[in-house]
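**Q** Dropping a structure here in structure tokens format, bear with me for questions.
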Amino acid sequence: MAGELTTQGYIKHHLTNASVGEGFWTWHVDTLAWSILLGLVFILSFRSVAKKATVGVPGKFQCFVEMIVEFVGQSVKDTFHGKNPLIAPLALTIFMWVLLMNTMDLIPVDFLPSLAQWIGGLMGYDPHDVYMKVVPTTDLNMTAALALGVFVLMIFYSIKIKGFGGFMKELYAHPFNTPWLYWFNFIIEVISLLAKPMSLALRLFGNLYAGELIFILIAGLIGVWQLPAHFIWAAFHLLVIPLQAFIFMMLTIVYLSLAHEDH
Amino acid sequence: MNLNATLLGEAIAFIFFVWFTMKYVWPVLNGAIEERQNKIAEGLAAGERAEKDLELAQHKVTEQLKDAKAQAADIIEQAKKRATQIVDEETTRGHEEREKIIAQGQAEVEAERNRAKEDLRQQVSVLAIAGAEKILERQIDAAAHSDILDKLVAEL
């Protein structure tokens with residue numbers, strides 16, 4: 001099916017993950033590999049700085065890392081007023097990981113897929129059957145995994161701080177505090193609770209997927225004019241990349257701060 | 001685009017990364033930052049303190065300088081006074097000394113003259129007697145005529 005060199009085929013090829021397995025047990029190998037690689041880049045580079053961190057005059061890379069740490073720390077301090085040693089590291093991990101994964105969007109759309117196809121060709125595969133999607137955040141599985149992690153923490157801390165009863169009470173007794181409307185409250189609150197991780201996952205996924213799609217469309221449709229168009233879109237996307245990482249981080253902090261609030 | 005097992009894999013990776021950051025990255029970096037912030041705050045405070053100290057010291061110095069100048073002026077004034085006093089005293093003393101020496105000298109001269117006069121008188125009386133002797137060509141009893149002689153001497 002993927003043999004023809006039509007524009008449609010090109011776009012479709014770019015939007016397909018390299019996968020292994022069937023049905024639910026399908027693994028998107030490219031998403032997993034790139035995200036874990038970038039996560040390792042994050043934790044190892046930060047760990048190397050942490051190991052050599054001096055209290056005295058810091059080096060340039062230490063300065064850079066400390067800037068990020070302080071920025072995240074400040075965001076957490078401004079929004080989250082409880083005491084929880086998990087929130088700040090969680091926010092930092094989300095911010096840096098999402099930022100790095102989003103940044104993969106700036107690598108020219110054909111560069112890594114073509115490389116993968118070439119290597120696949122050398123290994124005896126049909127190059128058209130070699131798929132490579134390099135931006136992990138354009139995979140809903142990736143963003144949903146992050147959102148799910150945050151959701152689990154929300155539930156966990158809600159129950160831990162308010163007790164199970166308190167958590168349930170928040171669900172059924174919140175907007176209208178009259179027993180005959182509890183069923184209505186419950187529906188609303190459960191929807192709004194579930195909407196939080198959904199919106200987290202879909203916002204990041206949608207933004208990055210759309211951005212990637214525009215790159216692919218520019219590459220696939222307008223020939224040589226793609227050079228300035230790519231530049232313009234990349235410059236615009238330069239704003240989207242850190243913004244989406246920041247929004248994901250901020251909303252995580254806000255949601256967890258709500259989970260810690262006892263009415 | 002369907003949700004599949006990738007989600008589980010990513011969730012596990014996510015948990016691992018968060019755990020790693022919480023355990024090995026965040027506390028170290030944040031600790032270093034906070035410690036440095038404390039150090040800088042201390043340094044700034046010390047600087048401010050030093051500045052205040054310096055201002056105080058400068059105040060003290062100008063005050064002491066003023067005091068010292070006043071004292072020096074006082075001392076000079078006193079010294080001048082003392083000097084004129086000494087000069088005055090010495091001048092009067094010198095005058096007195098001169099007067100004394102002059103008076104002494106005059107007294108001595110007077111005494112010398114009196115003595116010479118006496119001598120002269122004695123010698124004149126002797127000469128007069130000798131002359132009279134020669135004129136009278138006879139022995140005059142010196143004792144008998146001493147009253148005349150004395151009268152003569154007194155007249156000289």
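Heads up, the Cβ atoms here are built off N, Cα and C, so glycines get one too.
Sharing the feature lines straight out of TrEMBL:
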type	residues	note
TRANSMEM	A:32-50	transmembrane segment
TRANSMEM	A:86-104	transmembrane segment
TRANSMEM	A:140-159	transmembrane segment
TRANSMEM	A:208-227	transmembrane segment
TRANSMEM	A:234-258	transmembrane segment
**Q** In the same chain, who gets a Cβ under 8 Å from the transmembrane segment (A:32-50) while lying at least 6 residues past its ends?
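**A** Sequence-distant neighbours of the transmembrane segment (A:32-50): 61-62, 65, 93, 96-97, 100-101, 104, 134-136, 142.
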**Q** Quickly jot the same-chain residues contacting the transmembrane segment (A:86-104) by Cβ under 8 Å, restricted to those at least six beyond its ends, or write none.
**A** 34-35, 38-39, 41-43, 46, 68-69, 72-73, 75-76, 80, 134-137, 142, 146, 150, 153, 204, 208, 240-242, 244-246, 248-249, 252-253, 256-257
**Q** Residues of the same chain, at least six outside the transmembrane segment (A:140-159), with any C-beta under 8 angstroms of its C-beta?
**A** 28, 31, 35, 84, 86, 90, 94, 98, 101, 166-167, 170, 193, 196-198, 200-202, 204-205, 248, 252, 255-256, 258-260
